[in-house]
Amino acid sequence: MAVEISATSKLWRFPGGIHPPERKAPANLNNIQRFPLPPMLFIPLHQHIGEDGELCVAVGDYVLKGQPLTIPGVNNGLPVHATTSGTITAIHEHPLNHPSGLTGLTVCLEPDGKEAWYPRQPLNNMDALSQREVLQHLQAMGIAGLGGAGFPTARKVAGAKNIDVLIINGVECEPYIASDDRLMREHAKEILAGSHILQKLTFAKQLVIAIEDNKPEAAAAFREAIEQFSVTADFSADGADPAGSAARTNRQPILKIVPTRYPSGGEKQLIQVLTGKQVPVRGLPADIGILMQNVATAYAVERAVNHGEPLLERVVTITGEAVKNPGTAWALLGTPIDYLLAQSGFKPGKKQRVIMGGPMMGFTVTNLQIPVIKTTNCVLAPTHKELTPPQAEMACIRCGACEIACPASLLPQQLQWLAKAQDYAGLKQHHLADCIECGACAYVCPSQIPLVQYYRQAKAEIREQTIEQQKSEIARQRFEARQARLEREKEERLEKHRKAAEARKAAQAARQSEATATEQDPVKAALARVKAKKAQQTAPAANTESPQGPAGSASQTTPEHKVDQKTDQKDAVAAAVARAKAKKAERDRLAQAENNNEAEKPIAAKNAPDHDKKDAVAAAVARAKAKKAERERLAQAENNASTTNTKGSDNG
Amino acid sequence: MSFYIASSPHHHQRRTTAKLMQWVLIAMLPGFLAQLYFFGWGVILQLLLAIAVALAAESLCLLARDRAPSTGLQDNTAIVTAALLAVSIPPLAPWWIIVIGTLFSIVVVKHLFGGVGHNIFNPAMAGYVVLLISFPVQMTAWMPPTGLATQAPSFIDSLYLFLFQFTSEGFSLEQMRRVDTGAMLDAVVMATPLDHLKTQLSQGATLSEAMQHPQFTGLAGMGWQWVNLGYLLGGLLLLQQRIIQWHIPVALIASLAFCALLGSILAPDYLPGLSIHLFSGATMFAAFFIATDPVSAATSSKGKLIYAGLIGVLIYVIRSYGGYPDAVAFAVLLANLCVPVIDQYTRPVTYGHRKEQG
Ligand code: SF4
Ligand code: SF4
């Protein structure tokens, strides 16, 4: 069920979805601007998923552009870098990019305006490096997903095995935001190069670039870039692919234009649109052979690999009717958003809303000092007329509009009832966890119910509960583990004593049995002969009854006897073998007995190809010995024997 | 600077419940005007009284339940309920009929079940059924449509009939009707085409004999066909405005049409045909205005198809074999009862939970 996409393959539909006014213009009309350096940069240590690194600079230090400020911890975290050259004036708590107004440790960097670079190390010969080395480089460059939650790219790539399709997501479905749009229009070539690097790293067979049909200019830019690439690319020289998988890798990128419908840019939704498949619940796209990266991430990868530049800046859309000059701008990470707004001619109204992100999924900020981080794609300052603030919530009229709009095929209405009733079991049963918080349901709800808000609250409460549960679970497990350990230690002590006693006994018994076995030899041998004749296949029977070789090998060494063996006889033989084996195993456990066994082996082995009589004798000896040992066998060993028995009959 | 804090999404499709209900009222106009034309002033009297009673009852209920009437009334749902009920009852039924019906709809069916969004039954239809069972005589006393009657009651007569059950000259409704029918329509005991057919057929007449009646002109009987076409027009407006989805009307009409066709093939002499079923009685009204009531309908698209299909079948079965001439109200209430089950079994499969994906 490998995923395959071609230029002409059909597009699918995800359920639900909405068409909010796009309002990408006027922000997408002009080139990406570059504002003068801000007076101060606030670089939070926590910028993405993963643990914070350890600070490696101090107040007063002069740092260069691109110099790491932290050393990532053990867990493959990402370092953060100084985004320009300057002096660290303070390191303290500063508001973070978070809806709750949370603060976090932040490096305050005063730019000196020189933009003096820390030494850059491009990977000029990437093809000669292993995947791991390149990923380490990306890690060190601080590359994280710029489209969504900021997941470290190297980790995402390293964790994805058997990728069929690498999808570069240039959909940007949320209204207002034009960052990726502008980036694609102006840097399609670099994005394509970055995409190829990612394709090599993932060994993906196909590279697909997806763009919504409301960005024809971006699509045109890509078409041109792909054409240029096709002309210049040397497909045959692609053999340097680290896994040597050039043959199965098609480097010709495929451009897919998807219909505009929010939220088609969501990872899951885009996968459904392009492949018709769904990422299994609690799974990853990699489970169905897909890896997705944002266009801006691909661009950052290109900068990191070909230019040795860490991720220091990103494109941010500054828009909304409360700013005079809406547009897009390259913003150094750490730039406070009030600077960006001021540069764009921000005229705050009464009770101004400033939204980080788009109108559908962004959050309102409480402080304009919060900095741009890797995942900041938009700063939206709408007037109240433009985006009317939520009205009073009215009663749900069960109209089902929410359900029709939900791209995850959830029942937003029922979720809302359940969330209000704090019925967490019910919420789980209705798959609240699969809600992507896209806001489509709340957008269409005629009763203006802030549905997503209810879901978020419920999710947070469930998370808290789970953490509590986990804590108590861990405590319980720890207690139980301790109890078990004490118990085990006690038993081990007893067992040691018992074993020592047993070993002594066994040694004695073995010595005795050797003596008696030789005495009883003639009788046993005669009995064995009679038995063997009855079975009409003396040699193999005796042979296999000896504890030394498995039935298979025995019958193979004497092929002339193999033909007329009947199954029941076979089974009997095999059972005997197994029994003998079990006995042998038992004996193996005892040091003394093992010695005996070893001493016996050569005899039996020598006897095997010889005369039937000799074989019979050896077998008899063995059987007698085994009987002796059996007497001393413990209940545990019997269990062993019965299991080996079944195995033995399988073999036969 | 103080900031406005809100939870996403920050954008909202500006279509409130109140606006939706306004659209419903607007869309009822064509059908309502047709009724007004064919059945006289009584229609409007019923409507006005129903709305007044509904608003008063709604306010009192909201007060009793500690809600602010101002916000509760804003959603216009009470007005819609009143309007739906008002156009369902005979135009010249005495005033206390509509009062009782409206009170029952608003107080018992809506608020005692927990207010808007919580009622399992369609309030207007539940009110209608209570009236029909309690006051069968008044509830089936439809006037013949204008054009068949020798003279339509004037506004003053209508008002008198509505208030006192007598015209200004002292005729009762029954007498009025007898005067009319005596003059022109011998056999009319009950006035609607479906009533007529039911009676005739039960008296052993064949369908074609029953249809000989002068009432049956055009598609499905004088007056009623126009009323139905009016509601169809309004329904199409609702669809075009995306106030309702296509699922319910289409499924209802399709299943009723299917049953009607099947019936006419199997027993052409005794079962009324397609056009009668679709354009007589309250079919179009039910398909676009009653069954589409969001609160009491199934929620998922698939569920809506099943729900409305069920109503269509029930309408047909009750019309053909039940004791009442029209069956919309009963069919809708019965389907309302099935909604929880339908919802349970038509839950969409959440993303990523598809079976074949394991
Ligand atoms: S926010 Fe959740 S429930 Fe609402 S439409 Fe999006 S996925 Fe569905
Ligand atoms: S859209 Fe709003 S009113 Fe309609 S069913 Fe969903 S939650 Fe209820």
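For all residues, glycine too, the Cβ spot is worked out from N, Cα and C.
Keep in mind that this is a model prediction, so the values were computed, not measured.
Residues or ranges marked as transmembrane segment in TrEMBL: B:20-38, B:95-113, B:125-143, B:216-239, B:246-267, B:273-292, B:304-321. Positions annotated as FMN phosphoryl threonine by TrEMBL: B:Thr192.
Listed as Cβ neighbours of the transmembrane segment (B:273-292) (distance under 8 Å, sequence separation of 6 or more from its ends, same chain) are residues 24, 27-28, 31, 84, 87-88, 122, 124-125, 192-194, 197, 207, 219-221, 224-225, 227-229, 231-232, 234-235, 238-239, 244, 248-249, 252-253, 256-257, 259-261, 263-264, 307-308, 311, 315-316, 319, 325-326, 328, 331-332, 335. The list of residues near the transmembrane segment (B:20-38) in space but at least 6 beyond its ends in sequence, with Cβ under 8 angstroms from a Cβ of it, reads 44, 47, 75-77, 79-80, 83-84, 87, 91, 145-147, 222-224, 226-231, 233-235, 237-238, 241, 243, 284-285, 288-289. Between the transmembrane segment (B:125-143) and the transmembrane segment (B:95-113), three or more CB pairs separated by 6 or more residues in sequence fall under 8 Å, so the two stretches touch.
For the transmembrane segment (B:304-321), same-chain residues at least 6 beyond its ends with a Cβ under 8 Å from one of its own Cβ atoms are 194, 198, 245, 247-260, 263, 271-272, 277, 281, 283, 286-287, 291, 297-298, 327-328, 330-332, 334-335, 338-339, 342, 346.
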